[in-house]
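**Student:** Below you will find the structure I want to go over with you.
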């Protein structure tokens, strides 16, 4: 936060929901129907349970150490500084991938509404990242009040669409035009769309800016995850009732706009397109803001080059901000939605698995629950790796190289840069 004003339950809850819904459901809805078919709703439930346990672990560790910072901070607190630095690099890769997914989604929704082609779509993806990077370079004022309004606007739009769809209940629409899936496919789907739940962790970074954080953080964060699980389930079922599984898959990049048109004609199409544009743009802005400051914090602890601590006249860590902006825009223009979502989800599954294990190791309250979260993350990681290997082995190899570079090559890279 940019000022000293503390945020209460409503703002904390809304920002947590906004972090998850921001790019989540708009980006992955069509993909999850493609992966799990009629079990897509159950995939969101499975992934949500893992997300809930991870959120619990984050909250308990933040309260114990009385600070935010996520996995990087928690590992340093238990004297695993080397691993903390490596994981911090991996987490930054994850946020860059998240940004690329949000930019990709923004470009497709807006371009589709204007009936433009691939080049225009890529230009939009590049443009939104560039514009919001410039906005962040100029400095940001506290916007929690605006975030609350935006979050409630998109929640109302999504719930309204879901309710209309549920009034058209017809189970045949869940498998319309596709081969029925087995319940085991729900696990594959759950493992590959974890990005839809990762946004809650951004609020844990603002621990010291939350009013009475020992009570507000866990109550707001955990209730927000439960709410989002329910929201994702009803939206998945409702939208599929409106257009059928085949259309959800065919138009997976803009599934919610297509469902909106089926529900309320052109008005519904416009409403859902606007909701998608505002939602993904908000997610890009929040992720740029938080990640640039995370990079600065990591650099101050000598786990990134010192140049990343430099600030402009507006006190903004501009080198890190520009770097992640360029990389995420490039990935949004070059990558496919499926590969970007799967790779991002894999990174956050790994990170959340580590946090769950730290919470179990530190014997927080109900630490056995954190062990279950660790096991759940491990199973999901294995399933996700197998799925990504089958669909896009090159993407998996590239991701593996980045992770190995972060974990094992980081010290040599930093040492080499210091000697220059």
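In case you wondered, yes, glycine gets a Cβ from its N, Cα and C as well.
TrEMBL labels come from automatic prediction, so no person has curated them.
Annotation comment: TrEMBL describes 12-33, 39-61, 82-107, 119-137, 149-167, 187-205, 225-249, 269-295, 316-334, 340-360, 367-388, 394-413 as transmembrane segment.
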**Student:** Kindly say whether the transmembrane segment (367-388) and the transmembrane segment (82-107) touch, using the definition of 3 or more Cβ pairs under 8 Å where each pair is 6 or more positions apart.
**Tutor:** no
**Student:** With Cβ-Cβ distances below 8 Å as the criterion, list the same-chain residues six or more beyond the ends of the transmembrane segment (82-107) that contact it, or say none.
**Tutor:** 22-23, 26-27, 70-73, 75-76, 121-126, 128-129, 195, 198, 253, 276-277, 280-281, 283-284, 287-288, 290-291, 294-295, 298, 301, 303-304, 324-325, 327-332, 335, 337, 340-341, 343-344, 347-348, 350-351, 354, 402-403, 405-408, 410-411
**Student:** Which sequence-distant residues neighbour the transmembrane segment (12-33)? Criterion: at least 6 residues beyond either end, Cβ under 8 Å.
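**Tutor:** Apart from its flanks, the transmembrane segment (12-33) reaches 40, 43-44, 98, 101-102, 104-105, 109, 144, 147-148, 150-152, 154-155, 158, 189, 192-193, 195-203, 210, 216-217, 220-221, 223-225, 227-228, 231-232, 235-236, 239-240, 245, 248-249, 251-253, 255-256, 275-276, 279-280, 282-284, 286, 337-338, 341.
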**Student:** Using a cut-off of under 8 Å between C-beta atoms, tell me which stretch among 119-137, 269-295, 316-334, 340-360, 394-413 contacts the transmembrane segment (149-167) the most.
**Tutor:** 269-295
**Student:** Thinking of Cβ pairs under 8 Å, which stretch from 119-137, 225-249, 316-334, 394-413 has the most of them with the transmembrane segment (187-205)?
**Tutor:** 225-249
**Student:** How about long-range neighbours of the transmembrane segment (394-413): same chain, 6 or more residues beyond its ends, C-beta under 8 Å?
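**Tutor:** That would be 82-83, 85-87, 89-90, 93, 303, 335, 339, 342-343, 346-347, 350, 385, 388.
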